[in-house]
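Undergrad: Below is the structure I would like to discuss, written out as C-alpha cells.
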Amino acid sequence: MVMLRSLLVSALAALAAASPIAEPADQSLEARQLGSSNDLTNGACKDVTLIFARGSTEMGNMGTVIGPPLCSALKSKLGADKVACQGVGGLYTGGLMQNALPQNTDPGAISTAKSLFEQASTKCPNTQIVAGGYSQGSAVIDNAVQQLSAEVKDKVKGVVFFGFTRNLQDKGQIPNYPKDNVKVFCAMGDLVCDGTLIVTAAHLTYTINAPEAASFLASKVQSA
C-alpha cells in the first residue's frame, strides 16, 4: 500500500501541475473563471439536468479539462435555457489519495453526488437527468448511480465517462444500470483506463470529446 500511494502521488502530481487544456470560447464566464456551476442548487428547474464530477485536483466543482466544455456543448445541442449544469462539490474534495481507496474515491464524495441526483429528482420531478465524470470523478458518478433508488435511477437517461478509473473493474459500464446508456471515452495511451493509477499526457486530452459526449447525452434525452 505504501508503494501504491507513492506511485499515486508521483503520477497524479502531473495532473495538478499540468496546464489546463484550451477551452471553447463560448463557455460561460462562471465556468471559465471558477470551474463551477450550481444551476441545480441555486437556479430554476430546467428540462435537462447535467450532474458532473471533476477529476483530482481540478478547481471548482466542474474542473477545467472537460466539465465546462461538456456543459457548454450540451447547452448548444439542447438550448441554453433547457439545461442546468451542476458540479459535485461538498464532501468531494478531489484529493489524490482517495484514488487508491477500494471504490477509487471516498464515501463522502459518493454521498454528495448521490444527494445531487436525489435533489434533481425531488426539486425538479420533470427534469431528465444526465451525468458525467472525469478521472476520479468518473468513480464518484459510477458509485453514486449504483446506490440510487430504482425510481431515481430511472430518471438518469445517460452517463459519460472520461479517463474512467474503474473502466477495467466495472467492464466499461455501471453495474446494474443499462449499458447502452453509458459511453466511455478512453484516449489512446491513457493508462488510467487500463486499471492503473499512472497519469500520462493522454489523460489530459478529453476536452476534444465534449461535442461527441454532448451528442450522446442529447440523443438519450431526446429518445426517452
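Every residue, even glycine, has its Cβ placed from backbone N, Cα and C.
Relevant sequence annotations retrieved from Swiss-Prot are reproduced here:
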type     : residues      : note
ACT_SITE : Ser135        : active site, nucleophile
ACT_SITE : Asp190        : active site
ACT_SITE : His203        : active site, proton donor/acceptor
DISULFID : Cys45-Cys124  : disulfide bond
DISULFID : Cys71-Cys85   : disulfide bond
DISULFID : Cys186-Cys193 : disulfide bond
SIGNAL   : 1-18          : signal peptide
SITE     : Ser56         : site 'Transition state stabilizer'
SITE     : Gln136        : site 'Transition state stabilizer'
Undergrad: Under a three-state reduction of DSSP output, how is Cys186 (disulfide bond) classified: helix, strand, or coil?
TA: coil
Undergrad: Relative to the Cα of the residue listed as 'active site', which of the disulfide-bonded residues Cys71, Cys85, Cys124 has the closest Cα?
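TA: For the residue listed as 'active site', the spatially nearest of the disulfide-bonded residues is Cys71.
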Undergrad: So among Cys45, Ser56, Cys124, Gln136, His203, all listed as recorded positions, which is physically nearest to Cys193 (disulfide bond)? Use the C-alpha atoms.
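TA: Spatially nearest to Cys193 (disulfide bond) by Cα position is His203.
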Undergrad: Could you state the CA-to-CA distance between Gln136 (site 'Transition state stabilizer') and Cys186 (disulfide bond) to the nearest Å?
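TA: Cys186 (disulfide bond) has its Cα 14 Å from the Cα of Gln136 (site 'Transition state stabilizer').
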Undergrad: Near the residue listed as 'active site, proton donor/acceptor', meaning Cα within 10 Å, which of Cys45, Cys85, Cys124, Ser135, Cys186 (recorded positions)?
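TA: Within 10 Å Cα-Cα: Ser135, Cys186.
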Undergrad: Consider the recorded positions Cys45, Ser56, Cys71, Cys124 and say which one has the Cα lying nearest the Cα of Ser135 (active site, nucleophile).
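TA: Going through Cys45, Ser56, Cys71, Cys124 one by one, the closest to Ser135 (active site, nucleophile) is Ser56.
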Undergrad: Which one is closest to Cys186 (disulfide bond) in space, judged by CA to CA distance, out of the recorded positions Ser56, Cys71, Cys85, Cys124?
TA: Ser56
Undergrad: Any idea what DSSP makes of Ser56 (site 'Transition state stabilizer'), helix, strand or coil?
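TA: DSSP assigns Ser56 (site 'Transition state stabilizer') to coil.
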Undergrad: List the Cα distance (Å, whole number) between Cys45 (disulfide bond) and Cys85 (disulfide bond).
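TA: About 11 Å separate the Cα atoms of these two residues.
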Undergrad: Whole-number Å only: compute the distance from the Cα of Cys124 (disulfide bond) to the Cα of Ser56 (site 'Transition state stabilizer').
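TA: If we compare the Cα positions of Cys124 (disulfide bond) and Ser56 (site 'Transition state stabilizer'), the gap is 29 Å.
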Undergrad: Look up Cys85 (disulfide bond) in the DSSP assignment and report helix, strand or coil.
TA: strand
Undergrad: Among Cys85, Cys193, all listed as disulfide-bonded residues, which has the most CB atoms within 10 Å of its CB?
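TA: The most densely surrounded of these disulfide-bonded residues is Cys85.
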Undergrad: Ser56 (site 'Transition state stabilizer') has how many other Cβ neighbours within 10 Å of its own Cβ?
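TA: So the number of other Cβ atoms within 10 Å of Ser56 (site 'Transition state stabilizer') is 23.
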